[in-house]
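Per TrEMBL, disulfide bond is recorded for Cys67-Cys103, Cys276-Cys327, Cys474-Cys491. The domain 'Beta-hexosaminidase eukaryotic type N-terminal' feature in TrEMBL is assigned to 109-144. Residues or ranges marked as domain 'Glycoside hydrolase family 20 catalytic' in TrEMBL: 166-349, 356-455. If you look up TrEMBL, you'll see Glu322 marked as active site, proton donor.
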Amino acid sequence: IKCKTLLITILSQSFRDSQFLQVTRNWTFYFLWPLPQQLHQSADRDCLSPQRFSFTYGRDSAAQTGCSVLDAAFKRYFSIIFPDFTTLSGLLMPENDVKTRGCDGYPDEDSDESYMLSVSEGQAVLRSVSVWGALRGLESLSQLVYQDDYGTYFINKTEIVDFPRFAFRGLLLDTSRHYLPLYAILKTLDAMAYSKLNVFHWHIVDDPSFPYQSRTFPDLSNKGAFHPFTHIYTQSDVIRVIEHARMRGIRVVPEFDSPGHTQSWGKGQPGLLTPCYKGSVPSGSFGPVDPTVDTTYKFMESLLKEVKFVFPDSYVHLGGDEVSFACWQSNPNVRKFMEKMVERLKKNFICTKKFGDTVLEIWKGAKYQTELSRMTQAGHRVLLSAPWYINHISYGQDWRNSYAVQPQNFSGTDEQKKLVIGGEVAMWGEYVDATNLSPRLWPRACAAAERLWSNEEKTLNADLAFPRLKEFRCELLRRGIQAEPLFVGHCRHEYDGL
């Protein structure tokens with residue numbers, strides 16, 4: 001078979017007002033995940049030769065050769081599309097064109113991830129407003145390419161108009177209950193990009209251990225980590241995670257949960273935690289952060305200043321959950337402190353507006369719809385994670401439970417439902433480390449990824465989704481992600497340990 005040259009051109013164009021394309025129900029040729037908003041594909045196809053395949057930037061693009069995000073993405077996706085070709089001899093180094101440059105910046109909550117992809121004879125044109133949209137389009141393009149039984153690469157004529165339903169599509173990893181080595185985090189970021197998830201919620205510290213190596217307070221990890229040398233994240237480790245994520249259009253939101261969940265903090269910061277009492281004498285145990293001493297506030301201010309400097313995202317997750325009041329109530333100093341506070345609030349405290357621009361996460365309870373209704377009625381922006389705690393496992397296809405979630409299906413006005421800015425899957429670490437992280441995450445996390453990206457009305461049927469997810473799971477295996485099976489069957493490219 002004589003294959004044609006395929007030129008992939010990256011253009012900049014605002015297309016939200018373009019006429020939408022119709023979705024085809026025939027999945028004969030491809031298995032895109034998550035499902036694009038609008039698409040059409042014909043039976044006409046071209047075979048591809050890696051030696052005649054190239055990326056180029058549009059002439060008028062704001063981004064040109066030297067755009068770190070896209071230059072690296074071109075190389076990365078060439079290797080993903082053509083895994084049998086280890087050299088880039090067939091890849092022309094690109095010229096560049098995107099409406100807003102952003103090549104050296106970080107994705108944020110306002111990033112435009114929309115794109116339009118048109119694949120025709122001998123050419124594919126990818127239009128995006130930003131580099132982040134271009135990344136999402138490149139991912140879709142990579143999923144359109146397939147091989148026949150003889151190893152020849154093909155792509156069908158395709159038209160896609162796509163954008164995310166929600167701006168916040170997250171995944172939480174817990175690195176306190178079990179330390180996750182750097183490679184496991186980076187591999188997770190790769191799989192997130194394949195699934196178009198865009199926020200890495202790094203629950204980096206908690207009661208069991210404090211692996212974050214602080215510049216300001218080094219004893220936090222020296223004394224609070226499982227091991228002060230082997231089980232920590234150095235500053236260079238953190239920078240590497242942030243940069244790896246940036247190059248894939250993923251935000252990194254760190255969580256320093258307080259005032260509870262801070263037992264490991266107290267090991268390296270004497271006087272931070274509240275001494276618990278038994279009767280009139282200290283019991284020898286400690287509770288949450290002590291709110292009665294000035295040193296607590298000075299410490300927290302210094303630590304959070306460092307966190308703000310190290311992590312470029314505008315969000316920091318402060319937890320605030322599961323605070324045990326028993327220790328505070330047992331401590332006479334805390335009781336006196338609270339009595340003074342109550343008296344002061346009676347006299348001169350007036351609340352005129354909500355505190356800052358806080359986003360609330362709905363993380364607990366089977367009746368999360370009630371909480372969504374209550375919190376949005378109060379005017380708060382919210383994230384949903386309660387139904388997506390996928391560290392809980394069960395026999396069979398439990399991804400279907402995640403897929404059935406409808407984040408805006410609660411009692412409330414249209415304005416309330418707009419306050420749901422997205423959601424995240426959570427992988428808590430009580431029973432998870434690097435040995436089982438990937439197969440427990442993937443492809444189960446993909447169900448929430450599609451729910452948060454795609455049109456809900458077109459993706460409610462899990463039976464229709466199953467063949468696409470099954471194929472996508474095989475694609476994850478081909479890309480080196482250890483994704484567990486969905487049911488009986490096989491993949492052409494089984495996991496080979498890469």
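Backbone N, Cα and C define each Cβ position, glycine as well.
Counting in whole angstrom, Cys103 (disulfide bond) lies 51 from Cys276 (disulfide bond) by their C-alpha atoms. Mean pLDDT of the predicted structure over the domain 'Glycoside hydrolase family 20 catalytic' (166-349): 94.
Taking DSSP states H, G and I as helix and E and B as strand, the domain 'Beta-hexosaminidase eukaryotic type N-terminal' (109-144) has 14 helix, 12 strand, 10 coil. Geometry remark: Cys67 (disulfide bond) versus Glu322 (active site, proton donor), CA distance 44 Å. Of all the recorded positions listed here (Cys276, Glu322, Cys327), Glu322 has the Cα closest to the Cα of Cys491 (disulfide bond). Ranking the disulfide-bonded residues Cys67, Cys327 by how many Cβ atoms sit within 10 Å of each one's Cβ puts Cys67 at the top. Most Cβ neighbours within 10 Å among the disulfide-bonded residues Cys474, Cys491: this distinction goes to Cys474.
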